[in-house]
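Remarks on the structure that follows.
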Amino acid sequence: MVDHLANTEINSQRIAAVENCFGASGQPLAVPGRVLLGEGILTKECRKKPKPRIFFLFNDILVYGSIVINKRKYNSQHIIPLEDVTLETLPDTLQMKNRWMIKTSKKSFVVSAASLTERKEWISHLEECIRHLLTKTGRQPSTEHAAPWIPDKATDICMRCTQTKFSTLTRRHHCRKCGFVVCADCSRQRFLMPRLSPKPLRVCNLCYRQLLAEKKKEAEADRRQTEPICSAIPGYEPSSGDDSDKSDDDKADQWPADTEFYTSEVSWSSFHS
């Protein structure tokens, strides 16, 4: 399918249409060899509540954003390289069915489809694209993934101390390492995790201790590797020279509150052939 659609006029038109829907706030999507394979609306489990999001599957990236006017205007564009993606099928809950998790090194989140058939189609197409990319680049599947955030409504108390009750005055926070919902007292520390952000991020006390221990262990291993080199070089002396996150999910959605997103007669996802 990719070879058939690449460099065709209809593929160029489809990609241009997606770029136009995101407008000036989106990134250019047309590059040589890139093919738009499918698109559809999926429900994304966000921090405060599940929300509809538009998803576009290309042969090398997955693009999603918030819906302002369906098929006309989208914003809050996110671009995920497919070679960094791992998928995990999840069981149904009372609130959401046909769920699966999209895991990457920077962000992991749960989505659900309108039907079991659509979930199978999405997963099948995603896995085929990922497999093709990894074969092409010779890379191994990613093994490190960011923890998905637990939704706010999943708990009324801190998931670490299990004592603090959340209220209008007592805010919920999320540990960027484990994704747990925690209180301020249980998440006062910040830790630099370059894989996620260039700035130190909020972590819970337990994860902070674990991260410190891992850092100390790595430093000790580096020191042991450096010692034989230093002792082998005459006159060698070590140098003594001195050497923020606001989710789009918190924005007010402009989709009508009473809209029914899924009906049995409507297919919300389509894949090009």
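Even glycines carry a Cβ here, placed using N, Cα and C.
TrEMBL annotations:
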| type | residues | note |
| --- | --- | --- |
| DOMAIN | 35-131 | domain 'PH' |
| DOMAIN | 152-212 | domain 'FYVE-type' |
| REGION | 218-254 | region 'Disordered' |
Stretch-averaged pLDDT - the domain 'PH' (35-131):
95
Counting each residue once, how many in the domain 'FYVE-type' (152-212) are helix, strand and coil under DSSP?
14 helix, 12 strand, 35 coil
For the domain 'PH' (35-131), residues assigned helix / strand / coil by DSSP:
19 helix, 51 strand, 27 coil
